[in-house]
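*Asks:* After the structure tokens below, expect a handful of questions from me.
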Amino acid sequence: MSLRVYNTMTGRKEEFEPLQPGKVGMYVCGVTVYDYCHIGHARANVVFDIIYRYLQFIGFDVTYVRNYTDVDDKIIKRANERGISSDTLAGEFIQAFDEDMNRLGLAEPTIQPKATCHIDHIVNLVQRLIDRGIAYESQGDVYFSVEDFPSYLKLSKRNMDEMRSGARITPGEQKRNPMDFALWKAAKPGEPSWESPWGPGRPGWHIECSAMSMEYLGESFDIHGGGKDLVFPHHENEIAQSEGATGKPFVKYWLHNGFVNVNQEKMSKSLGNFFTIRDILQTYDPEVLRFFILTAHYRSPIDFSDQNLQDARLGLSRFYEGLHAASEVLAACPPGDVTSEAGATLENVFREAMDDDFNTAAAIGHLFDAVRTINRLITEKGFRKNREKVAQVRALYDALLKLGGVLGLFVSDPAAWLKQMNLAMLATTGYTESDIEDFIRQRQEARKNKDFARADEIRDELAAKGIQLLDGPQGTAWKAR
């Protein structure tokens with residue numbers, strides 16, 4: 001099966017065939033750096049990180065460009081409120097964004113351009129549009145004329161007449177048509193500005209991405225991504241600007257990730273259900289958040305809640321428990337001359353899932369099946385003496401680490417990760433690690449004295465707090481849930 005992707009432009013899955021064999025150019029709209037990133041930003045960036053990783057995994061040479069929007073109305077407003085420059089504010093939140101993405105385990109894009117470093121490219125692109133007669137200057141502002149681009153709204157499939165009837169011209173704007181949008185904004189007091197043929201000013205939001213994407217990927221490239229909220233107006237306007245200037249198809253495949261709801265409601269500051277990545281990572285491990293995002297198909301809406309994150313933590317713990325158990329057993333089983341195709345089989349079904357429009361939910365399901373097989377085999381009587389089964393577990397273990405790496409998962413030492421999770425969960429019970437060890441000693445003493453009622457009482461008391469005691473040949477261990 002070859003890779004198929006869902007193209008927003010056509011509304012269907014298509015076989016992925018890049019413009020240049022073996023090479024992929026991918027542009028993803030980055031954040032506007034005026035505040036800390038929220039869970040919606042986490043989803044978009046994790047999704048396209050996985051797409052980037054998987055394309056590389058299957059052999060493509062990928063140039064991945066993800067920008068910073070570092071000049072914008074929101075940045076200017078926030079900077080003025082704080083009494084600092086836009087540059088200072090943008091720099092602060094670029095650093096914060098990078099820290100958040102590093103914690104989430106994102107691979108670094110090939111290029112991370114800033115809009116303010118591409119003013120010359122933006123000005124040149126605006127001039128090309130004026131020269132082609134589809135943009136016009138008005139009192140220092142420059143607008144794109146949507147009526148002169150007949151295929152406008154082809155991405156969002158909106159109706160021009162309906163859009164026009166609902167559009168309004170903001171006081172001070174000198175548009176010919178309410179639907180026209182700004183390419184260049186004349187300078188205003190208290191705003192950053194750059195020189196241009198139309199006087200000092202700054203770029204509009206949409207033109208920034210057109211200029212940066214074409215600068216690094218060419219006038220036509222393979223993949224443009226972002227959240228569904230960017231389809232209109234941002235991506236629609238990018239198409240109009242770019243194709244209006246070049247006369248060429250701008251992007252071959254448009255990919256958009258779904259929304260994040262919070263407790264089945266739209267995330268909104270006004271509803272009080274707005275969570276930054278930093279808020280979430282105070283309670284949950286970054287890999288848990290990443291795992292949660294990947295358990296849904298990227299185009300589907302995803303519901304963020306404490307319960308769903310707890311479920312994700314439990315699911316990821318099961319992977320690490322299986323990997324930890326397998327590593328301990330395999331360490332006592334020297335490699336033999338028997339091989340197994342189990343790893344290759346797992347990779348095949350994993351790739352089938354990912355080739356179906358990057359279906360991470362199905363891919364993770366196949367990895368879960370592998371962990372269940374490992375857990376079953378290593379607990380079978382006589383396992384260590386069965387060379388075929390040892391080889392099967394070794395092959396599955398190696399494949400899990402390899403394929404998990406494609407998803408940015410299972411990157412920690414299993415024993416260390418499980419201990420960290422145990423201690424984090426224990427902290428919510430009011431007990432300390434030494435408290436649990438003391439309970440275990442008391443229980444051992446009770447059992448030694450045949451006071452089984454007291455031993456059961458201790459076990460049940462801990463279980464009520466979400467702490468499970470695990471009796472084994474090496475003694476009693478504990479696990480917090």
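One is the number of the first residue shown, and numbering goes on along the chain from there.
In case you wondered, yes, glycine gets a Cβ from its N, Cα and C as well.
Quantities reported herein were computed from a predicted structural model and do not represent experimental measurements.
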*Asks:* Give the range, chosen from 31-41, 119-129, 405-415, that Swiss-Prot lists as motif ''HIGH' region'.
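*Replies:* Checked against Swiss-Prot: motif ''HIGH' region' maps to 31-41.
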*Asks:* Which range, 71-75, 156-160, 266-270, 301-305, does Swiss-Prot list as motif ''KMSKS' region'?
*Replies:* 266-270
*Asks:* Below 8 angstroms Cβ to Cβ, which residues of this chain, lying six or more residues outside the motif ''HIGH' region' (31-41), approach it?
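*Replies:* For the motif ''HIGH' region' (31-41), the list is 68-70, 72, 74-75, 77-79, 89-90, 92-94, 96-97, 100, 205, 227, 259-260, 262, 267, 274-278, 280, 304.
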*Asks:* Within 10 angstroms of the C-beta of Cys29 (Zn(2+) binding site), what count of other C-beta atoms is obtained when all protein chains are considered?
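*Replies:* A count of 23.
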*Asks:* Would you mind checking how many other C-beta atoms are within 10 angstroms of the C-beta on His234 (Zn(2+) binding site)?
*Replies:* 17
*Asks:* Cβ within 8 Å of the Zn(2+) site's Cβ centroid: which residues qualify beyond Cys29, Cys209, His234, Glu238?
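*Replies:* Along the chain, the qualifying residues are Trp205, His206, Glu208, Ser210, Ser213, His224, Gly226, Leu230, His235, Asn237.
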*Asks:* Across the motif ''HIGH' region' (31-41), what are the DSSP residue counts per state (helix, strand, coil)?
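*Replies:* Across the motif ''HIGH' region' (31-41), DSSP assigns the residues as follows: 3 helix, 2 strand, 6 coil.
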